[in-house]
Every structure is written in structure tokens, then in C-alpha cells.
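As recorded in TrEMBL, the features of this protein are as follows:
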- A:34-55: transmembrane segment (TRANSMEM)
- A:67-89: transmembrane segment (TRANSMEM)
- A:101-121: transmembrane segment (TRANSMEM)
- A:141-158: transmembrane segment (TRANSMEM)
- A:178-207: transmembrane segment (TRANSMEM)
- A:214-233: transmembrane segment (TRANSMEM)
- A:304-321: transmembrane segment (TRANSMEM)
- A:333-351: transmembrane segment (TRANSMEM)
- A:371-388: transmembrane segment (TRANSMEM)
Amino acid sequence: MTGANSFQVSGYGPERAGWTRLFARDSLARRLDWPILFAALALSLVGSVLVFSATRNRTEINQGDQYYFLVRHILNTGIGFALMIGTVWLGHRTLRTAVPILYGVSVFLILLVLTPLGSTINGAHSWIQLPGGFSLQPSEFVKVTIILGMAMLLAARVDAGDKPYPDHRTVLQALGLAAVPMLIVLLMPDLGSVMVMVVIVLGVLLASGASNRWVFGLLSAGTIGAIAVWKLHILDDYQIARFAAFANPSLDPAGVGYNTNQARIAIGSGGLTGAGLFNGSQTTGQFVPEQQTDFVFTVAGEELGFVGGGLIIVLLGVLLWRACRIARETTELYGTIVAAGIVAWFAFQSFENIGMTLGIMPVTGLPLPFVSYGGSSMFAVWVAVGLLQSIRVQRPMSA
Amino acid sequence: MTNIPETGRTPRVQIRLVVIQILVLSLLGTLGGRLWYLQIREGEEYAKEASGNHVQQVVDPAVRGSILDARGVPLADNETRLVVSASRTELLKMKDDGKGVLTKLAGVLGMKPKEVMEKVRLCDAETPQPCWNGSPYQPIPITDEATAKQALQIRERAEDFPGITAEPQAVRRYPGPGGSNTAQVLGYLSPVTDEEITQAQDTDSPYLRSDQVGRSGIERQYDKELRGKAGVTRYEVDNLGRVIGEAEADAAQPGSNLVTSIDARVQRVAEYELNEAMKTARKEWDRNTQQRYKADAGAVVVMEAKTGRIVAMASNPTYDPNAWVGGISAKDYKQLTGKSSNYPLLNRAIQGQAAPGSIFKVVSTAAAVQAGYDFDGRYNCSSSYSVGGQVFKNFESQNHGPIGLGRALEVSCDTVYYQLAHNEWKKDGGINPKGKPKDYFYKAAHQFGLGAETGIDLPNEVTGRVPDRQWKQSYWEANKDAWCKTGKKDGDYVEKIAYENCLEGNEMRAGDEINYSIGQGDTLVTPIQMATIYAAISNGGTLYDPTVGKAIVSADGKQVSEIQPKSHGKLPVNKQTLAQMDEALAGVATRGTAAWRFGGWPQDKIEMHAKTGTAEVYGKQTTSWFATYTKDYAIVMTISQGGTGSGASGPAVRNIYDALYGVSDDGAISKKNALLPTPQKKLPKIQTDGSIASPKVAKDPAKDQRASQEGVPEEDGQQQAATVGTPTTENRETRRRRQRRRRPRRLT
């Protein structure tokens, strides 16, 4: 393995075009993980329908065009899909060499958020407004670069065959690499993203084979840190209020508990098969705020019922199951760590997002991968899918 | 690379990857389980909550049913007024929240823009009146006094006035046909309270925030029937209250009409005559108190003797029921409830109680017969009767010698009843009865229905009081401490009485029973109780529950449910005694104490029976009672501090009979002048469109009646209430009068 990319190796050249080539043993098509691709596409398309249902009546945000969000969600999916193809084409190993650049750029971008260029949406100062009405949420990309950067450091000496496990110095370096952007994101403050990053770091460390002491040490440090954050009032009032409302949603049904309450009412009223697409009264009546982004799952719950909500969870399950297999089957630790980091990311973010609409997790501003409306998130998760595909495509086929 | 396993994994990493996979799956499993719990297990609960979230009700109030007199003349109906209302939901859709429209509207209505805006704002803790405290989804009335021209302006330029409607709406009105008032019987409406809304929430007739509720009289008693059921349209709305579809609509069911047994003309005559009698009484000199009679209150009941139905019921002082329409002003309310006006809201026919005086003697007579005394026996009507040094005088110390009970009734001889009551008291064991005393005189009172409600279909009837042993005991227990504190053996009259009461107030003393036998002392009765008793004597002994309501007729006239007379007992008198009493009471009218008031009465054609009563009240002037009946009617009148029975009330009662039967002073009966020679039997016909064929009522039947008597027209003047002026209702009053004349009455 020299880092050459399989796109060329498997022979997709114009001079040898043909279906037989495409489906030949060891061809790209045979090596791609189709279930993941299918699940990601299905989630994105379901998402576009749900986003459409949630926004077609919200005249105050859709600029009078009921298809505004639908078109953009499909466009985002298309761009994400292209980014995935690009990632596979480049290959995760090529990207490994580019990690310092990617890391530098993403840290620069989140620093930019802290400057006056950044803007605040829903209490989180985590956006950069771009011309043309677009906005960028760099913390989404940081998740990818943290995974890639840590994997690069942790896997370097193991993949070289020097050591069976990363040593303490390497782990410390990797943690330092993750800590810098996490601290910046915490300053925004974007607590949800920090939570996801903490879980990513944990997943990465677990998969790297780092000593148990590191894993448990980090776990306890996280717990103490959480207590400290709570006690030292580092959190903003709105964040504490969200947690309090999570603990007791009827606390303030008109205020912070409103989201939680309305979300639960929307989902609960769905029943087995839901009210039918575009028929949900909670959705049509716009009782759930942020329904096209963070609370998109409530649309599925209300209008498609247990069947629709369950389908989303199953699709996420398929994606995560396959990603876990990729992590287990690849021969390099680098690929394993990247895949495991992505699994930790997707799993926790999905759990937190759906969990908060179901009232079992506190409300934080996290999108549901593929389903929620939002360009940055969509691009990042599709890049992650590209990385997973690349890891699978480039592993040696078993005999 | 060869030393690395095929998968390139050390076992530690492999195990951890499996752990991660299991963790991921359990997270997803948790989500799935929670989703199942919310949607399948608790789904219905949330579905209910969701529907509550987005459905708003718009209420179309039901038109309140009319209250009609026996011939269909409306005593209470609804007047159509042009009401201009604004829909908040429509206004809020506009860019400036409808300010522009409201300003324009203010211009059309001749109001200040600020005034209009204040009327549409919603009430909350910080918003002072005026503000709207109904549902924000209901049209908010801005004025109910719009002229037709203003309404036209608004309707013709609908595009200029989005969300504004100008529609005729029904408003309660008490037209007072023929000058009748009927205020206390009809009662009044006032807005529903929060408490009532909560209480009635889950019943079959819940209140609406905008509802008016009957507060007294018929309006209260038959509130449920009259109110009807409001129509409700349920709209689905979004989180900002914007309507996103129409769900369902229940049409309003208009309230039923109540046909009463009241005859508006007789009612007017009764009210007028009562008032005149009180005015006359105030000119009379009271020798006992050395001043003119105060005649501060009075009541008269005209009852159908064979059914207990009320033909007229007047209470004085009175008030204008229209004062309550559209919300009573603070000034009016103060006047209506103040002591200075002597509580005109009280219906003294059922809520006024006084010692009955001699009209009670029918009870004592029945008791004596029950106790075994012969009706036709000989009893000494001496000028006085003494018991243990205490002298009980006959009225004006008359002496009639030995007479029967019939004659005793006729001349109202007190001493005969003194003797009988004293005898019975002695038989019962005197001051210390052994065993169970028979107490014929007290038992009879209970059997006549005294000391209990008659069951009339009007709220808050009082029971009166029979001062029997039981009552004396409990009264003594309640008051002995005060009596023993203030009582002095050698003090003034009050102190002496208190002293005696302290010692033996719980015991039945000879004087108690003697006083009681002629309706004095602690006995209290209401006019309606006495009317019920005298009607029973007339009809052969049945005590009917008096009724005002005669039938409930649905708004379209199709469903009629008649209210049948009910009885609450029989007089404890056998047929023979009843006939003898009947004859004696006829004698009262022809040769007894009331004869001078029935001079020239055609007794052979319309047999008149009467009993007079003059009750003494300590510290006050005497109460005048006059109880009468014919075969069809019983009339009882009382005037507090008004003088003697026949003196104060006699002429008025005679005039009411004259009006009923069309009798002139010379005894001639004129069918033309008779208002109601026999009770109204047929119910008025209500058409399917809700209109009622009701006969015309003369402008003032009372004046007409007097005029026909005397042959000279009375001077035209507004009737003045005896002690309280007609409450001023500001210019609303005059406007209503004017409209009444101009516009044909619209019945709904």
C-alpha cells in the first residue's frame, strides 16, 4: 500500500469502460459499502420531505417560497454527495497527509467565529455569515478534523509496526490536538458540539488501543469537568434553564420547557402510523420551534408515527452497524480509529438529537445527521461517509 | 507486516470495537423503546393534548327565551340592537395590528380612536378597564348603539373594514306591557362569574365567558331552560392563533320561552293598587304611635284558587328591571341594595314575613275543631280575657256575647280564641306538660303549610315561623345568654321581657299560646303562604305549590312541556267544617269586618270571602293583612306599618277584584271591562318562526279600570313608586322607550 488511490487502481479508465469492469472482483462498485450509501441517501431524502413539511407554512422564514427549504436541503445533499465522491477519490490516506492543513484551516475558521465576523443563532455564537444568505458552522468540520488529526497521531507508530499500542506521549499529543478546538468551541459557547467532541475523543481513544488508564482517566475528568462547569457558573443561564427544563418539562411550559413539551406532544400524538404527511397539526400549526433543524425528528414522529420515526432509527442503525464493521475489518489502525470516531460522532449526535425530542436528553442545538436542515452539518456528515467508504474500498480484499 | 494478524487488530482493540458496537446499538435501542413508549403506550394522552393545543372555539351565543304572560304578552324578551364588533384574529393579521382600521371605525362611530382600541385590548392583571375579558377568538363588541346609517357605512365598505362586523344582536329587555313592572318576579341577569364557569364546566349546560346568568326571580329559576345552548365552532389554529381550517360547528339552540300564569294587565292593576293603597295609608293618622302610617313596604298575591298559579304578584318598593340590562351602573346598584330604598330587590310576596294577625284565625278555627270543639258551639266573646292577672283585650274591646266559631271568624273575636287556646294549654299540662303535649294549635299551623316553603317556583322563598315548643327551645338556647345579660326584673319593657325570657323563654307560657291563637307574637308568615291557605279553603282543601311558570315552549313552538300544579298537602279540615268556614268567611265580606269594603259587591253572582288581619309588631306600626278568595281566585295583600287589614288593604283588593271580574261600584258586571273573569286556560300559540300571537295590552289597565269605575278619567301622570323612585338608567332608558314605540317588537 503506497497511498495510491484505488479509483485508479481498480481500473475505471475510459479506455476500459464497461459494466463487466465495474462489477468485476475487486472493482470499486463491489468494494463500496452500499448499505451505508443507501442509508445516508435515504436519511437525506426523508429529511428533505420532513424539512419541507416543517417549513412550507413558515412564511416568516421561507421568504414566501414554500419549496425554499426543500430545494436547499436537496442541494445540500447533492453537494454533500459530491464531497463524498471527492473524499473517496482522494482517499483517506491522502487526506492523512493533508491533516495538518485541514486542522489549521478548521481551527482558523472557528477562531474567526469568535471575531466580529461570527454571528449568534439561538444563543450559540457559532456561525459565520457568508454573502448570499449562506452561513457556515465551522464546528461541524472541526469534528472531522479532530478525528483525522487524532487518528494520524495515534496510529502513526502502530501502523509503522513499531508498537502494538500508542504510548502515553502520543496520547497526550492527540489529546492536546483535540483540546485546542474544543476549548474554542466551548467559548462560543456551543455546548452541544463540545459534548459531541468529548464523545468523539473517547471513541477515538478506545479504538486506538490506548491504555485503559487513559480511557477511565478521561471519563472521570469529563465528569469532574461537568460538575465544575455546573458549579462555577461557566454555563450561560439559558443553558442551565434548558437542563432544568429537561429534568422537569412542566416547570415552565411557556418558557424553556415549551420546546420539550411541544416536541413531546407532537411525537406522542403521532401514534403508530402518524397523522399522515403534511397533516400533523403540531407541525402545521408551528407549535414546535426549530422544527426543520434541531427538532426535525418531531415531524417524523407526528406525521409518520412510530413507523416513520422507527425507520429513521433503523436507517441510522444500519449506517452505524456497517461503520462498526468497517472499523473492525480494516487492517490499519488509522482507518479503524477514523471509522470508530465517526461511529462515536454519529451515534452520540443522533442519540442526543432524537433523545431531546423524546424528552430523555437535555435540549442542545445539535442537528440530526442527514435529516436536519443545515449545509455545514450535511457536508460534514457526507465527508464522513466518504471517509468510511474510502477505508472500506482501500482495505485489502480477503482471499 | 507479517506479525500483525490478518485483520491488523490486536485483541484489545477488537474487544473495544465490539464494546463500541454494543454501546451504539443500545443507544439506538433506547431511542426505539422511548419512541414506542411515547407513541404507542401514551399516544392517546398526547393526541388529546395536541388537539387542545390547536383548536379554538368561537361561540355563537344562544338567544335567551322570552318570558310570556298567560296570554302570550312578553314580560321579558330580546331587543335587537345593532352591534359593531371587531375580530381580533382578523385585526392581528394586518401589518399595523388593525390600528388603521380601528381609527377609521372610530371616525364612523363618532368615538375617539383611543376609546375603540381600549375596547378591543384583552384584559389582564395590568390592563385596567375598559378591556375585553372574553375569548380573544370571539368578536369583541365595540358598541351596541350603532345607528342603521353607521352599520350601513361599515357594511357597504367591507373592504375598508376587514374584521369589523355590524350585525343586529339580541339584548335582554323588560318591556313592561301595560305599565306593569313585575320586577321581583322576573328577576334579572348579570354576567357569569369565574367560579360559576368552573363549577358548571363539566355539567350538561356549561357557561360561556360572555354568558348572562339569571340572578333572581324567574330568570334564575328557569335559567337553564331560558338560556338555550350556545353554538360552538371549533377552528384549528396555529401557534399564533391564525386560523388554518374549520373543524366543526354546532349550531346554537335558542332558549325556550317560558309561559307564565301572570296576566300583565292584572299584574299592572295589582302593582298600581298596592302602590295607591300605600300612598293612601301614608295619609292616615296612627293613633297608637301618634304619627302618620309609614307604609314602608307591601305585597299582593293574586292566585288561581284551583291550581295555585300566580296571576299577579307585586312587591313594593320596586325598581325598573331594565336597570340591569347591559350592566348595572354602580349608582343604580347602590340604590337598589341600599337600606334607604328599603331593599326593592326583595320580593316581599315570598321573602317578606310578618305576624299574620287575624287572618291566622282560620288555622286556629281548624285547630279548635280538631281539638273537639263544636264549630257551632257557644263561646263567650267578651271584651277581655284574663290569665293570671294578665289581661288580653278583644279588638277595640268589643263584646259580642256567646257566639259560634263562624261568627267569631266574621267579627274576628279574639277572646273566643284566647279561651280555646288557654283551655288547650291547660289540657296539655300548663307550663310543665307531662308526657307529649297534643299542641293542636301548633300542629294545625304545620298542617296548613306554615313554617315551611310553599315550594313556589321562585328562588329564595322564606319559611316564616311557627313558634312551637321546639322552636322556643332552640331560640332560647341561641339567645338566653344575651337575654340573661340585659334582662332586669324592674327595668323598662324590653328589659323586663328579656328577664322573663331568660328565666322561662324555653317554656310554653299561657300568654304565648293565647297570643299565638290570634296570629300575634312570634308567628311569622309570608303572603304567598297565606294565599296558598286561602286558595285551599276555596278549592276544597288542597294546598297547591304556587307556580309562576305554566309551560316551557321551545323557540319554534313545537315542544310544549306544561308545568302541572302540584300539591303539598291537604288542609286538616273535614268537608263539613270547610263548608262552615267558607260560609263564615263569606259572612266576613257581607256582614263582618270586611263588609264595609265590599259594599255593592254582587255576592249572589260572585261569592266573595275575606278575612282581615291587623298584626301588632313591637316598636312598629301595625301590619295590615287582607286575605280573600272567590271560587277562582285568592288575593292576599299586606302592607307593613300600613294600619288595619280592611282599612289599608281593603279598597285595593276590592279594586283588583273589580278589574278581574269587571264589577263596577254599583255591583254591575261588565264583561267588556272584565280582565280575567275566569283563569286563562289556553296557552299562547308560538309559531314555528318564533313569533307569538299576543293580544294588545292597553296602555294602562289600572287607570282604565279606575276610569270605568268612576266614569271620570284620572289625571294622567306617571306612577310613582311608593318609597323609591324609578331608578334612573340614564339616557339608555329614554332611548329604549323611543325604540319600543317605533320598531315592531321582534320576538325570538
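Cβ atoms are placed via backbone N, Cα and C, with glycine included.
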Leading contact stretch, A:34-55, A:141-158, A:304-321, A:371-388 vs the transmembrane segment (A:67-89) - CB distance under 8 Å: A:371-388
Per Cβ pairs under 8 Å, the stretch of A:34-55, A:101-121, A:141-158, A:178-207, A:304-321 packing most closely against the transmembrane segment (A:333-351): A:178-207
In contact by Cβ distance (the transmembrane segment (A:101-121), the transmembrane segment (A:178-207); 3 or more pairs under 8 Å): yes
Close approaches to the transmembrane segment (A:371-388) from elsewhere in its chain (Cβ under 8 angstroms; 6 or more beyond its ends): 33, 36-37, 40, 43-44, 46-47, 50-51, 55, 69, 72-73, 76-77, 79-81, 83-88, 92, 95, 134-138, 140-141, 143-144, 148, 292-294, 296-297, 300, 312, 322-323, 326, 338-339, 342, 345-346, 353
